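Some features that Swiss-Prot has for this protein:
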type: MOTIF; residues: 48-58; note: motif ''HIGH' region'
type: MOTIF; residues: 527-531; note: motif ''KMSKS' region'
type: BINDING; residues: Lys530; note: ATP binding site
type: COILED; residues: 717-741; note: coiled coil
type: COILED; residues: 810-880; note: coiled coil
Amino acid sequence: MNDNINIAKTYDPKEFEERIYKMWEEGEYFTPKVDKDKKPYTIVMPPPNITGKLHLGHALDNSMQDFLIRVKRMQGYSTLWLPGQDHASIATEVKVENELLKTGLKKKEMGREAFLERVWEWSEEYRGRIRDQLKKLGSSADFTRESFTMDDNLDKAVRAVFVKLYEEGLIYKGNRIVNWCPKCMTALSDAEIEYEENYGNFWHVKYPLVDSEEYLEIATTRPETMLGDTAVAVNPNDERYKHLIGKKLMLPLVNREIPIVADDYVDVEFGTGAVKITPAHDPNDYEVGKRHDLEEIIIMNENGTINELGGKYSGMDRYEARKAIVEDLKKEGFLVKVKEHIHNVSCHDRCNTIIEPMISKQWYVKMKELAKPAIEVVKSGEIKFVPERFDKTYFNWMENIQDWCISRQLWWGHRIPVWYCKDCGETIVSLEEAKKCSKCSSENLIQDEDVLDTWFSSALWPFSTLGWPDKTEDLEYFYPTDVLATGYDIIFFWVARMIFSGLHNMKEIPFKTVLIHGIVRDSEGKKMSKSLGNGVDPLEVIDKYGADALRFMLITGNAPGNDIRFYEERVESARNFANKIWNASRYVMMNLDKNLMEKYKDCKDYNIADTWILSRLNEVIKEVTDNIEKFELGMASQKVYDFMWNEFCDWYIELSKPVLYGEDEKAKGVTFNVLFNVLTSGLKLLHPIMPFITEEIFINIQEEEKTITTSKWPEFKEELKNEEVEKKMSHVIEAIKAIRNVRIEMDVPPSRKAKIMIYALDGIDAFKDGKIYFEKLASASEVEFLNSKEEAPENAVSAVTKGAEIYIPLFDLVDLEKEMERLNKEREKLEKEIERVDKKLSNENFVKKAPEAVVNEEKAKGEKYKEMLEAVLERIKSLK
């Protein structure tokens, strides 16, 4: 056995993945230095929440980012992929609270300080887990620069931005409608809400007019909110109610007079066309209330019970009150009917409690002014969305933006940097802890109890992680970042906020490209969730198949912005591909003769197969690089796969064997070099997708470079492109395939050689150059070239390809009837194909609407099939 083989006989990723990652860390290959002679390339990793382990969505997101980073590192950029984690305020608080409840401890009983100590312990544990998981995936991130949204320097950035916005008049405290969780007793962002289909009711209720027998019938799904009604709205164009606009109604059970107002918000076709308006407990009603200057009556406590304004229902839970109110409406004759109704109900995604829209005094950011420049940078193309269609999603939100509620009634998170003087009531907003009242000099101060929305700190991620507000070397060199890869579900909540935060605080965009990916669904297309039990743990997949196989499955065939389905069979196929590369590499290592390689390293006397594979490699380098630049990572990955499996492993390695096992020293030396160069170039193209296997092979097949991670990315070379040889070689390969298929159909074993006679349809040179390959790969005892079809023997089996007609005198080996049967099957197959093409081309819609190239391709197929059919019919005729 050749002593060049330094890799194990069988492919086992468990044997080397951990060792390889350790080698990378020790080599500091992922820790870039500020190098003014190199261009920087930066990606900040979307920080995973410290609420548990990573899922397949994280695996997809990070595989895509790692793909880009590894390519740019090999292209000579100073690449920084900055990792980190998000403190995930409410999500983490709920998790820790639930863990404590298992031991009988309650958050409120522990007190803020003791509870936060437990959360910090949790964060340390889960940050470590996330870090380990990212490394197992092969992420080439710089963990020496890892950030956490609760780090001191990030907290400093958060306070600096809050104070700046407050001083600019862009942060204020006021009453607005919020999503309120009665269980967690905090305001929530829209991102923390899930919608569940709910089987409820529409209660139709009479609202009588004051001093009249008339009434309006309204329909509501939340009768308990009647207690806070301050109007009923109708559409100004609704003929049924025009005469009632401006009149008063008596609110049932409450006996409060409320007006009938006209508002375009009301849909004439929906329900009864009359809508009860509860400004304090519905976001749409809130807007109607503002337009008509209606009173805002809050009828609930923070825990979801009815407050003192609810009269006899005071103290009841909201659903208890609902039952009591419906019963009373029925008793007093106000309930008209009850209709079953299916509708979506908003729930807190962490505790599954139904949300109560409620007016609450919170801290807000004024958004209109901040949104304008953020819209402009996308419109101008300074920031690009990939795919472009997602900029519409972005514009839709930004152009209809509301003020952002940034306060949360929680303990875990960035405490709002606001203090209140207990003596004079002054509000002090300060970067540092306030010690003395700026108005009365009192030291009797108390800090605001609330923390900031998690997204507030996340919005600063691209620059706070690089040291801002300090002017650091990293910030100057690596900002703005290049690409943000993220899911389409957080364009509103995170991407948009990073854009306006970067523009407002850095006066620069935070990134140049937003690469959007979809979500990973199960094999049936369902969203993965704990409740459905269809989630897949990426670590379990890695343990079974290796990280490279999982990465390859997630990236290959995946188009930007589209959801993907997870099939374990595809991961297994990816592992089979890795195994193929492993075995091909062992073949190359086993046969390489370093002395001959060195002797003929500058020799360019390539045979047709050498020229062909170098030309194909060159074209693939161009296609892969172009696709990466367009962020078509799935397409790039597929191109590498097709080349390495179908062209290099399946064909070139086989084509190299006659040379390597021959006697021509120079030919062997040249082919050794081609084998080596094509394999190492292929490994480099594959490296961003499958980093572990490519590194293990690379460091064992050559000695000049310590790692593939910093080796040079392959470049397109015009002089290696040879379309003529590619065409010739495709004819040879098609002919060999055809001969093999015939032999298989005829049950002729490879050991039984037979003469092959070739009539070339498109020049005979290709087939003459490939003569040796017919002998070695098609079991040819002899190869004869015919000048015309008439020279073909009558007693021969035939095969037709697009470049040749091939005849094999096999009648002493095969059954004549069997050959006729085979030819008739081929005839039927070709007739069906011709019928299909003719039908397509006779379809006017297809010819008019399909691209010209597609129509021409169909025409060419039709001509080819007709030629092949003609040849088959001739053979049938000759055998009769």
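Every residue, even glycine, has its Cβ placed from backbone N, Cα and C.
Just so it is clear, the model here is predicted, and its values are computed rather than measured.
Same-chain residues lying 6+ beyond the ends of the coiled coil (717-741) with a Cβ under 8 Å from its Cβ atoms: 608-609, 611-612, 614-619, 651, 756, 758, 760, 762-763, 765-767, 769-770, 773-774, 777-780, 799-804, 806, 808. Same-chain neighbours of the motif ''HIGH' region' (48-58): 85-88, 91-92, 95, 122-123, 126-127, 129-130, 133-134, 137, 487, 519-520, 528, 535-539, 554, 566, counting only residues six or more beyond its ends whose CB sits under 8 Å from a CB of the stretch.
In this model, the motif ''HIGH' region' (48-58) carries an average pLDDT of 92.
According to DSSP, the motif ''HIGH' region' (48-58) comprises 3 helix, 1 strand, 7 coil.
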